[in-house]
Amino acid sequence: MTTAPPERGHHGPLRWINGTMPEVDERALKVPVVGFIEYCLRGIGQVVFMNSPITGAFILLATWLQEPWLGFGATVGVVASTLAALALGFDRDAIHAGLYGFNGVLVGLGLALFLSPEWDGIVILWIILLSAVSSILMAALAAAFGGAWGVPPFTLAFNITTLLFLITALHITRGRLGEAIAPAAPQVNGPGVRTSLRESADAVGNTDVVAVINAIFRGIGQLFFCNSLLAGVLIIVGIAFCSRIAAVFALVGSAVGMLTGMALGADGVLIYNGLWGFNSFDAALAIAGVFYVLTWRSAILGVLCAIFTALLFGAIGSIFVPWGLPALTLPFCFGTLTFVLLKDSSKLFEWVPPAKVVTPEEHLRRSHQEHAMAASGNPQRQRDTA
Amino acid sequence: MTTAPPERGHHGPLRWINGTMPEVDERALKVPVVGFIEYCLRGIGQVVFMNSPITGAFILLATWLQEPWLGFGATVGVVASTLAALALGFDRDAIHAGLYGFNGVLVGLGLALFLSPEWDGIVILWIILLSAVSSILMAALAAAFGGAWGVPPFTLAFNITTLLFLITALHITRGRLGEAIAPAAPQVNGPGVRTSLRESADAVGNTDVVAVINAIFRGIGQLFFCNSLLAGVLIIVGIAFCSRIAAVFALVGSAVGMLTGMALGADGVLIYNGLWGFNSFDAALAIAGVFYVLTWRSAILGVLCAIFTALLFGAIGSIFVPWGLPALTLPFCFGTLTFVLLKDSSKLFEWVPPAKVVTPEEHLRRSHQEHAMAASGNPQRQRDTA
Amino acid sequence: MTTAPPERGHHGPLRWINGTMPEVDERALKVPVVGFIEYCLRGIGQVVFMNSPITGAFILLATWLQEPWLGFGATVGVVASTLAALALGFDRDAIHAGLYGFNGVLVGLGLALFLSPEWDGIVILWIILLSAVSSILMAALAAAFGGAWGVPPFTLAFNITTLLFLITALHITRGRLGEAIAPAAPQVNGPGVRTSLRESADAVGNTDVVAVINAIFRGIGQLFFCNSLLAGVLIIVGIAFCSRIAAVFALVGSAVGMLTGMALGADGVLIYNGLWGFNSFDAALAIAGVFYVLTWRSAILGVLCAIFTALLFGAIGSIFVPWGLPALTLPFCFGTLTFVLLKDSSKLFEWVPPAKVVTPEEHLRRSHQEHAMAASGNPQRQRDTA
């Protein structure tokens with residue numbers, strides 16, 4: 001979710017696949033269709049704050065391997081939302097950085113999962129329409145959040161669009177709601193919580209190493225509605241191409257989410273399937289390196305944000321029970337929003353404004369450079385970059 | 001919802017009844033009671049963004065003809081909210097433009113419809129008290145929205161006041177709740193959706209021309225809680241006195257809302273009675289001409305906003321099921337808010353700041369004038385009006 | 001909730017116990033542990049806008065006398081939230097003024113009341129963790145509200161933290177929910193409203209003087225979850241040390257809340273036990289004297305705000321029925337927020353910016369001074385303090 005143009009600075013052959021890949025961007029944008037594909041892929045990568053077409057390609061691959069219908073939904077979603085932004089004349093640089101793709105790809109995936117049947121014409125129509133709507137909402141929210149607070153709206157546009165449609169679908173005949181949406185009355189310990197980690201409510205399973213590894217990697221995959229080890233691994237590899245720091249904190253965040261769920265005594269079936277991890281991993285990654293320069297302090301802040309986000313996951317899931325709605329990535333949005341709003345409250349953390357976000361590695365390099373300059377008595381330059 | 005003083009510029013006898021009627025305003029404000037009546041009527045017109053006492057008079061007439069009790073509620077509401085604003089020392093220009101009347105008239109109408117019995121002393125007391133409260137909320141929200149984002153809060157004050165009272169009334173003995181407020185558990189296809197257009201759940205009826213005309217005009221009337229063809233026609237005539245463009249987009253918006261409901265497969269009884277139209281019509285009118293200068297692009301944007309608003313109507317209705325609350329004009333507020341927040345995101349649309357809103361016709365005239373001046377090489381003047 | 005450092009200006013021995021006690025602050029801060037205790041007590045006082053350790057000490061005493069477990073929760077909460085703010089490097093002046101203590105003390109009290117059993121290790125752990133979380137949220141909300149609107153977020157951090165945890169606790173095994181949290185379906189006149197004031201649903205009782213006195217003082221105590229006459233008296237005495245004006249408006253506000261509840265026909269058991277009073281009293285106190293200089297106009301505004309807040313109490317309680325949640329101080333937050341947002345809407349009221357808040361008495365003194373200076377023809381000075 002950066003609006004910064006990819007920056008030069010890398011050298012050697014690795015620069016073609018590492019970081020935000022500005023050289024690729026420059027060349028791709030000259031060829032119409034290639035350019036479009038490139039920034040659609042960047043849009044997919046932006047869900048995890050990676051402005052890299054390689055990250056996007058790995059994630060897209062994971063969704064297609066998980067289930068072609070999911071991959072199709074993702075593809076249609078990112079294309080429709082990006083086209084809508086182009087048609088409405090939104091800022092080209094933002095579109096090229098993938099900022100009008102990351103909500104769309106999630107809308108496509110979410111509707112592909114929650115509506116049914118698969119490959120249905122009306123469902124596909126909903127994906128196209130609502131992905132486009134997500135771009136309108138993204139522009140409005142970006143203006144509102146950026147103007148008043150200088151922070152991005154994260155994936156709020158996806159959440160609002162998808163949740164409002166799912167709830168509308170309860171009362172219309174063409175809603176195509178799948179069985180996962182099941183309204184119920186809230187009650188204390190309602191669904192009969194089972195606290196040992198297991199794949200499904202009926203299966204045996206316990207808190208062993210295999211279950212924990214599943215929970216962590218499925219937690220990565222679940223951000224893209226992919227409930228499998230393989231998807232999690234592919235996504236981590238994709239992230240690592242752009243940033244190794246981000247990949248590490250993705251895993252840390254997913255683990256923290258899982259541990260928070262276990263500490264709370266949440267349902268082990270949900271934990272095993274990564275549902276306590278996907279919000280926390282994106283939150284940890286955002287705070288520890290992307291929006292705050294990585295230090296041991298901001299690493300701790302990222303872990304705290306992952307815990308807070310996991311608590312929000314529990315809360316939002318409970319709030320939505322009467323309508324049977326999923327929490328989607330609302331916990332991530334509110335959790336990360338809370339922690340980025342701390343930017344001016346403490347001098348312990350070095351804030352990276354949204355317009356200057358690149359990769360955690362690049363932020364570290366810049367920060368070191370600035371401190372070195374400040375130490376060598378060049379306050380002028382320091383002031384310029386502040 | 002304009003804060004701009006009515007502007008001179010019209011000539012000939014038509015200027016006494018066309019547009020925002022500044023000459024009438026000037027004379028009326030000199031006579032105490034006449035002035036008060038004049039800006040109460042402007043307040044009624046401001047619900048549909050028409051700063052014209054004639055529009056207001058037509059709307060008020062429609063409510064009295066619909067049912068004297070409704071008309072009485074509307075009258076008490078607009079008077080109480082305007083008096084409250086005067087007593088609290090709020091901005092006189094805003095009061096004279098009707099900005100402290102449009103929420104009150106809706107509070108009066110809404111409570112007259114949802115509380116019972118009619119002509120009850122306590123219900124009348126509630127109307128007076130809550131209309132006054134809506135003015136306080138309007139001032140607070142206008143400060144919050146204007147300060148942070150430069151957009152108006154639309155009818156949010158009415159919605160918040162009325163919804164909070166209706167929900168409070170569930171648990172008190174003097175709430176005087178009518179039977180229309182009926183809490184229920186959300187469920188998939190809960191109320192047994194019937195998709196052919198018809199007047200009532202028991203009646204026969206189908207999607208023929210008469211049903212469509214009913215849906216469109218009742219959609220106009222329902223903004224003022226008047227479920228009749230006649231009310232819709234009177235309101236359109238009233239709008240047309242102030243702006244022909246607005247009258248056209250009111251009808252377009254109501255039709256788009258109806259069509260969206262039909263495309264979704266919503267309940268035909270609700271569609272026939274205009275419930276899918278009233279939010280969309282006000283949204284279309286606001287976007288296509290009032291807050292964006294009318295072009296074919298902003299006309300399309302208005303249609304998109306009407307569709308988006310209709311989707312929100314479906315969603316908000318579903319969200320409110322557990323408490324049995326009506327959606328009121330919340331869909332209009334959120335839908336229009338989303339689209340006015342696009343003001344800085346795209347160069348395809350020409351934004352009219354709230355303080356400069358007059359009528360769609362006048363916006364067109366000003367825009368042509370500016371472009372003509374810019375073309376004739378007078379950048380100085382152009383900069384001044386920017 | 002003031003960020004202003006305590007100000008000198010009082011003379012004579014009373015200055016050691018009156019107002020915000022700057023001399024005590026100066027000396028206490030020099031001794032590490034004493035300083036910490038001092039600003040923890042100020043934090044407790046800040047719940048009622050009193051930046052005074054004596055007010056805090058009286059309130060803390062009331063909670064311990066009410067029930068040691070409540071007092072323990074309050075103490076742990078204020079200590080944990082203040083320590084968290086120190087650890088995260090938040091603004092020292094704000095911490096010293098108690099701004100990172102008032103949410104924590106309420107979190108501690110709320111969880112001590114709503115979780116069970118008492119003196120349970122896990123419940124204590126929740127209090128520590130969530131009090132700390134409330135400080136993070138406070139910093140984020142203060143930045144968001146202060147930046148966009150120049151108003152404080154009041155006790156929103158406490159409300160959000162506590163409500164989200166209580167709702168999460170519905171679906172986890174380690175939530176330790178007490179019996180007071182009971183989800184139910186909303187219905188018209190659901191709980192069988194009894195409108196005569198009485199202590200409990202089974203007891204006899206009527207609207208006599210004793211019942212009214214109970215309702216008013218229990219309304220004071222209930223802000224700190226203390227349902228007793230004694231607690232109310234102690235808290236009023238504590239407030240009076242810092243400000244007599246505030247003490248009077250606390251009682252007025254609690255009475256107005258009670259009367260609003262009675263006028264609505266709300267359940268007399270709730271009214272007797274002060275539940276209609278505690279939000280209104282804090283709201284009245286905030287508006288009449290703290291955020292607006294006390295005049296007969298702002299006194300009326302404070303009463304209006306107390307009525308509005310009581311209406312919000314009724315509404316929020318009803319909204320939360322499906323999850324069985326308490327309204328906490330959300331009504332106070334939203335009610336007071338609405339009225340402080342009027343600061344630029346009317347010239348009838350003299351606004352005191354959050355950074356300049358001290359005590360109602362001091363605001364009056366400053367205002368008189370300024371007017372005297374303005375009258376004596378010293379516009380320069382007047383402009384400086386504007």
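Every residue, even glycine, has its Cβ placed from backbone N, Cα and C.
The feature transmembrane segment is assigned by TrEMBL to A:47-65 (among others).
Within the same chain, residues 36, 39-40, 43-44, 60, 63-65, 100-109, 111-113, 119, 124, 127-129, 131-136, 138-139, 224 sit at least 6 positions outside the transmembrane segment (A:71-90) and bring their C-beta atoms closer than 8 Å to a C-beta of that stretch. The feature transmembrane segment is assigned by TrEMBL to A:71-90 (among others).
Taken from TrEMBL, the feature transmembrane segment covers A:97-116 (among others).
Sequence annotations record features per position, and here TrEMBL assigns transmembrane segment to A:122-144 (among others).
Under 8 Å from some Cβ of the transmembrane segment (A:156-173) lie the Cβ atoms of residues 102-104, 106-107, 110-111, 114-115, 126, 130, 133-135, 137-138, 141, 181, 183, 323, 325-326, 328-330, 333, all in the same chain and six or more residues away from its ends. Look at TrEMBL and you will find A:156-173 (among others) tagged as transmembrane segment.
As annotated by TrEMBL, transmembrane segment applies to A:220-241 (among others).
The transmembrane segment annotation in TrEMBL covers A:248-270 (among others).
If you look up TrEMBL, you'll see A:276-294 (among others) marked as transmembrane segment.
TrEMBL lists A:299-317 (among others) with the feature transmembrane segment.
The transmembrane segment annotation in TrEMBL covers A:323-342 (among others).
Around A:T329 (site 'Important for channel permeability'), the same-chain residues at least 6 positions away in sequence with a Cβ under 8 Å from its Cβ are A:L106, A:F154, A:T155, A:F158, A:N159, A:L223, A:F278, A:N279, A:D282. According to DSSP, A:T329 (site 'Important for channel permeability') is assigned to coil rather than to any helix or strand. The site 'Important for channel permeability' annotation in TrEMBL covers A:T329.
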Check the transmembrane segment (A:276-294) against the transmembrane segment (A:47-65) for contact, please; criterion is three or more CB pairs under 8 Å, pairs 6 or more apart in sequence. yes
Maximum Cβ pairs under 8 Å to the transmembrane segment (A:97-116) among A:47-65, A:122-144, A:323-342 is reached by A:122-144
Checking A:122-144, A:220-241, A:323-342 against the transmembrane segment (A:47-65) for Cβ pairs under 8 Å, the most are found for A:220-241
